Every structure is written in C-alpha cells, then in structure tokens.
Amino acid sequence: MMITLRKLPLAVAVAAGVMSAQAMAVDFHGYARSGIGWTGSGGEQQCFQATGAQSKYRLGNECETYAELKLGQEVWKEGDKSFYFDTNVAYSVNQQNDWESTDPAFREANVQGKNLIEWLPGSTIWAGKRFYQRHDVHMIDFYYWDISGPGAGIENIDLGFGKLSLAATRSTEAGGSYTFSSQNIYDEVKDTANDVFDVRLAGLQTNPDGVLELGVDYGRANTTDGYKLADGASKDGWMFTAEHTQSMLKGYNKFVVQYATDAMTTQGKGQARGSDGSSSFTEELSDGTKINYANKVINNNGNMWRILDHGAISLGDKWDLMYVGMYQNIDWDNNLGTEWWTVGVRPMYKWTPIMSTLLEVGYDNVKSQQTGDRNNQYKITLAQQWQAGDSIWSRPAIRIFATYAKWDEKWGYIKDGDNISRYAAATNSGISTNSRGDSDEWTFGAQMEIWW
C-alpha cells in the first residue's frame, strides 16, 4: 500500500503534464506545391496564360514553388466560449536552385473569439490579418470573392433564416495620393489606404440541398488629410454577389452572378483599386531643377459583369470531375476594358484508391475593348498521379505531367508617349506590343501538391 501511495504523486504529475500538453497543442496547417519541369524547345518549364486573362489552368502549368505555413492555437476556452490565435506565413520562389532566398509574406495574424456575445450565440468576432471567407475556383486558382487583409468583423450571426457576417478590411496602394502645389505638379506622394466594407447573408435555403449566399461590398480610397487623388483616379465602387451552391453527386455546383462598379472592377473580387491609377514622372530642366508631375493616366470608372459556374462531382466509383465556365465583361469609360470567357474540365480516372490519371482541357478567349481584337489559348495536360485517397480533392499528391498549349493573340499591353497603358494589334516582332502572337509549346515535368 505504501508503494502505491508513493506512485500516486508521480501519476498525478504525469497526467497533469499530458493534459497541459494537450491544452497547449499547436495546430499546424498549410499548403505547398513544388516541382521540376522542362520546355520542349529547351530550357526550364514555361507556363501559359492568355494575355488579358486573370487566371490560367493550373494542372501541369505552375512554374513556382509556393508554400503557406499556418500555426494556430485555441489559447482559451471556458464552456462554449473560446479564443483562437491564427497565423500564416507564405513563401514563393522560382524553383531554379537549391538555395533561393525570398522575403516571406506575413499573410495572417488574427484572433477569433467564439460565442463571446451572450445575445448572439454562435457568432464569432475577430480582428487582425485574415483570409476572410474566400471564394475561388481551384482548377484555375481564381479568387472571385476575396477581401482578405488586415481587418475586423463579426460573422455567423444566426438570424433564423440565414447567417449574417459583417467585416471591414484594407488594401493599400503605393503612390496613390499627392499633395499638389499647382494643377498637376505635386510635392509629395503617399500610399493610399483602400477600405472595404463587406456584408454577407449566407445559408439561405432555396431548394432541397441548395443554399444561397448574398453579399455587398463597398470599397473606397481613404486619403490622408492634405493629400488628394489625381484627377481621373477612381475613388470608390461597389460589388454585388449572389452565389447558389447545390450539393449533388457527392460534390457541389456553384452558380455565381457578380456586378461591380468603378474602383471595384479592376480586381473584381471585392478589393478596391484605382487610387494609384495616376502614375508620376519627373522632368529635369536645363538648370537642374526637377519638377514632379502626376499624370492623368488610367482610371477604372465603369462596370464589370461576371457569370460563373463551377463545381466538383463524382461520376461513379472510378470517375471524378472538376469543371468551370465563366463569362466576364469589364466595360471601362477609357475603353481599356476586356471581355473574357473561359471553359474547362478536369476528369480523373481512378485506377486504384491511390493512383489516378487526370486530363485537363481549358480554353480562354479575351477581347480588347479598345481594338475589338481577341486573344485565345487552349491548353491540354495529361497527368499520372499518386494521391492520399480516391477523391479528386485528395492530397498530398505526386504527379508527372505533359502539357501542350497553343495560342493566337491579336493584341497586347503597351504604353504610349504619355506613359498611358494602351492596346495595339499584335506584331510578329514583339517589339511594339507584349502580345505573344501565334504559336504553341509543350512542357513536361513532375510536381507535388499538398494541403493539410
């Protein structure tokens, strides 16, 4: 009995240590991709994206090593109330050498408090830098609703018929506002903070296994006292989003309609841009005097329409499928807008629960508002893959791939004598435009991808 009593303090200490370790356990999440590739005509792997398109079909078409490393921990919990601290550091290099130095991007650092407001059970208040309720198309790595950045908000307020979320975030533009001495001659330049105010109502039941989410985003350039935006710069804008999600075939289909105005049209995802639409240059006079000018250059006043349908479904025990179809029209007052449509599929055949073959076929077509010319590209990738599971979403995955792309481009981006971005008809020389002309290429390689 004496021996048993002596062992008791040690057992209590060990148990306390285990419980303490569990309470202090750190969550480790993240994403990464890396690989090696070659181009048929020689050299390292090339990647293919149509000029004017805001994304590309990514399977066998990613030329960088990218990683997001997330560390988080629930630092306090009492009943159903809790605080969670979350961080995210991202890295990107060109995967050309063993040692590639890079400056990491500190993308997330926030605290989320759940059930802290007694009269709003189930809600979460938060503050800090955060990936906030992002909506994307995975197969083209396209974020169509993403206001991520430093901010604060409250989310998942239960209204009975749906859940309400409110947030404010910021994205700053370099050199967006000026102090002027006279007309367009400026003395100083200052970065401009663009604020975004976001309202979302989610979980609206519309039909069996179908839900609707509605959102309104207002973005504005918030200048410091004594500074103002150059003439022609967009000052604010709106974006409206409606997204219907249908659960089907062990997956989902999302149908999205979006409309944006002015400062919200450039990125088209809920973040304002346009305060830096007026660039600057310096003129040096014969006596050595330097005069700084603010150009009345680009503004994004106008509107954007987007209609998008995408999803991922299972077509039986052996087949899975990802797909996307999108039409987007940016109509700007300065005629520098684009009309872009894209369609693509990625079927997956599963030989075993951990081995599969994927085929990705994607097509992009982009029309210049100014010239009326079109750029088009199609890209085909065949990949053999080994993955941790039998789903098209299963990761980690190791794949070997071969990619073929063909394009015919009639216009490209250039700047005229006033440093204004314009479009021009493509030339074979590639000197007067940035168009890729009419050509094709193929690549091959291997890649790993993981999220956890």
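From the backbone N, Cα and C atoms, a Cβ is placed for every residue, glycine too.
These features come from Swiss-Prot:
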SIGNAL    1-25  signal peptide
TRANSMEM  27-35  transmembrane segment
SITE      Tyr31  site 'Greasy slide, important in sugar transport'
TOPO_DOM  36-64  topological domain 'Extracellular'
DISULFID  Cys47-Cys63  disulfide bond
TRANSMEM  65-78  transmembrane segment
SITE      Tyr66  site 'Greasy slide, important in sugar transport'
TRANSMEM  81-93  transmembrane segment
TOPO_DOM  94-104  topological domain 'Extracellular'
SITE      Trp99  site 'Greasy slide, important in sugar transport'
TRANSMEM  105-115  transmembrane segment
TOPO_DOM  116-122  topological domain 'Periplasmic'
TOPO_DOM  131-148  topological domain 'Extracellular'
BINDING   Arg134, His135, Asp136, Val137, His138, Met139, Ile140, Asp141, Phe142, Tyr143  substrate binding site
SITE      Tyr143  site 'Important in sugar transport'
TRANSMEM  162-173  transmembrane segment
TOPO_DOM  174-191  topological domain 'Extracellular'
TRANSMEM  192-205  transmembrane segment
TOPO_DOM  206-209  topological domain 'Periplasmic'
TRANSMEM  210-222  transmembrane segment
TOPO_DOM  223-234  topological domain 'Extracellular'
TRANSMEM  251-263  transmembrane segment
SITE      Tyr252  site 'Greasy slide, important in sugar transport'
TOPO_DOM  264-300  topological domain 'Extracellular'
TRANSMEM  318-333  transmembrane segment
TRANSMEM  354-369  transmembrane segment
TOPO_DOM  389-395  topological domain 'Periplasmic'
SITE      Trp393  site 'Greasy slide, important in sugar transport'
TRANSMEM  396-410  transmembrane segment
TOPO_DOM  411-436  topological domain 'Extracellular'
TRANSMEM  437-451  transmembrane segment
SITE      Trp451  site 'Greasy slide, important in sugar transport'
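Sequence features, as recorded in Swiss-Prot, placed on the structure.
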residue	record	DSSP (3 states)
Cys63	disulfide bond	coil
Trp99	site 'Greasy slide, important in sugar transport'	coil
Arg134	substrate binding site	coil
Phe142	substrate binding site	strand
Tyr252	site 'Greasy slide, important in sugar transport'	strand
Trp451	site 'Greasy slide, important in sugar transport'	strand
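For Cys63 (disulfide bond), the spatially nearest entry among the binding-site residues Arg134, Asp136, His138, Ile140, Phe142 is Ile140, judged by CA separation. Across the fold, the C-alpha of Arg134 (substrate binding site) and the C-alpha of Tyr143 (site 'Important in sugar transport') stand 7 Å from each other. For Asp136 (substrate binding site), the same-chain residues lying six or more positions away in sequence with a CB closer than 8 A to its CB are Phe142, Tyr143, Tyr144, Asp146. Within the set of recorded positions Cys47, Trp99, Trp393, Trp451, the entry lying nearest in space to His138 (substrate binding site) is Trp393 (CA atoms). Taking Cα separation as the measure, Tyr31 (site 'Greasy slide, important in sugar transport') is nearest to Trp451 of the recorded positions Cys47, Ile140, Trp393, Trp451.
Nearest Cα neighbour of Trp99 (site 'Greasy slide, important in sugar transport') among the listed recorded positions (Ile140, Tyr252, Trp393): Ile140.
Counting other C-beta atoms within 10 Å of each candidate's C-beta, the recorded positions Cys47, Cys63, Ile140 are led by Ile140. Using the rule of three or more Cβ pairs under 8 Å, pairs at least 6 apart in sequence, the transmembrane segment (27-35) is in contact with the transmembrane segment (437-451).
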